[in-house]
Amino acid sequence: MALNDCFLLNLEVDHFMHCNISSHSADLPVNDDWSHPGILYVIPAVYGVIILIGLIGNITLIKIFCTVKSMRNVPNLFISSLALGDLLLLITCAPVDASRYLADRWLFGRIGCKLIPFIQLTSVGVSVFTLTALSADRYKAIVRPMDIQASHALMKICLKAAFIWIISMLLAIPEAVFSDLHPFHEESTNQTFISCAPYPHSNELHPKIHSMASFLVFYVIPLSIISVYYYFIAKNLIQSAYNLPVEGNIHVKKQIESRKRLAKTVLVFVGLFAFCWLPNHVIYLYRSYHYSEVDTSMLHFVTSICARLLAFTNSCVNPFALYLLSKSFRKQFNTQLLCCQPGLIIRSHSTGRSTTCMTSLKSTNPSVATFSLINGNICHERYV
């Protein structure tokens with residue numbers, strides 16, 4: 001087998017596909033430890049762990065939102081939509097990715113070749129656009145609280161979440177259109193392997209445009225918008241800390257701390273997404289601009305696998321980051337998994353008024369309004 005025939009490059013899934021798993025079928029110029037079939041079985045096992053952990057976390061998160069009425073607020077709806085997108089990716093794309101290390105050909109036919117890339121890009125779009133919407137929601141709650149509309153707020157957010165899904169699917173349509181099966185003939189054994197490629201019949205310009213457009217639309221532009229939102233959020237929180245009014249000081253401090261916690265949670269989600277998907281985008285760009293070459297170095301092979309696994313890991317870490325950052329979600333998570341009774345929600349009452357302090361993703365009653373004094377302005381809001 002020729003050197004360039006050892007691995008088949010698939011730009012869509014960003015990793016190498018072994019043309020022949022058995023180390024006895026060819027004299028491969030790689031380390032025997034890595035070419036041993038047992039090593040290739042470890043990779044699908046890692047995929048299996050990621051899928052299992054992701055299923056547990058995301059299904060539990062969605063179940064909490066669906067079954068616990070008090071948890072159905074604006075941020076939680078966005079986070080549930082995020083979990084649904086991650087769940088879709090883990091159920092469909094992750095097993096397909098893992099199968100490439102166990103088989104030497106594409107197993108899912110022409111329909112699967114068009115459907116899997118479509119689902120994958122839809123899920124990525126849902127993730128990054130939902131994070132952008134969450135950041136915008138935190139910006140509005142902290143910087144422009146007077147703009148919050150209490151009436152039909154949850155319904156409006158449902159429509160926004162649905163719009164994000166529609167936009168993500170529309171942007172993923174080209175993946176389904178251009179992806180197709182591609183025959184790969186190995187002259188030494190006179191065998192033909194079938195692979196799934198996003199643009200099997202195009203020139204070198206197409207992958208360059210595709211990789212750069214994906215990097216900009218699904219990474220750079222959304223994260224830039226999020227950065228602008230968080231600049232103004234940080235600026236407002238710093239100003240609020242120095243401009244607290246004398247009256248109602250304790251209540252305002254509590255509300256600022258509440259919003260800081262939720263803003264921190266969203267920022268952690270954004271950071272995890274940026275960290276997990278950057279290597280995948282970088283490798284995709286590298287391959288697209290070296291489309292006519294096949295890098296068969298072990299460093300590139302290992303880096304590609306790690307980048308791919310890291311990208312799928314992003315679909316399972318959010319529920320557990322939420323578990324660590326939110327006491328209320330941690331309580332509900334333990335209730336769902338350990339079948340224990342949730343604790344009572346304690347509200348503080350004073351003469352002639354009742355105040356509910358809403359914390360990060362904390363259970364709230366939509367019928368209870370909260371009056372706040374932020375930067376000297378009295379605002380009325382129902383969702384934080």
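Cβ coordinates come from backbone N, Cα and C, glycine included.
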Swiss-Prot lists as N-linked glycosylation site, out of ASN20, ASN190, residue ASN20
Disulfide partner of CYS196 per Swiss-Prot, picked from CYS93, CYS113, CYS276, is CYS113
Exercise for review: Read off the topology recorded in Swiss-Prot and answer whether ARG259 and PHE333 share one side of the membrane.
Suggested key: yes
Between the transmembrane segment (265-285) and the stretches 39-62, 77-96, 115-136, the largest tally of CB pairs under 8 Å belongs to 115-136
Using a 10 Å radius on the Cβ of CYS113 (disulfide bond), the other Cβ atoms enclosed count 24
When counting C-beta pairs under 8 angstroms to the transmembrane segment (209-234), the leading stretch of 39-62, 77-96, 115-136, 299-325 is 115-136
Mean pLDDT across the topological domain 'Cytoplasmic' (137-152) comes out at 73
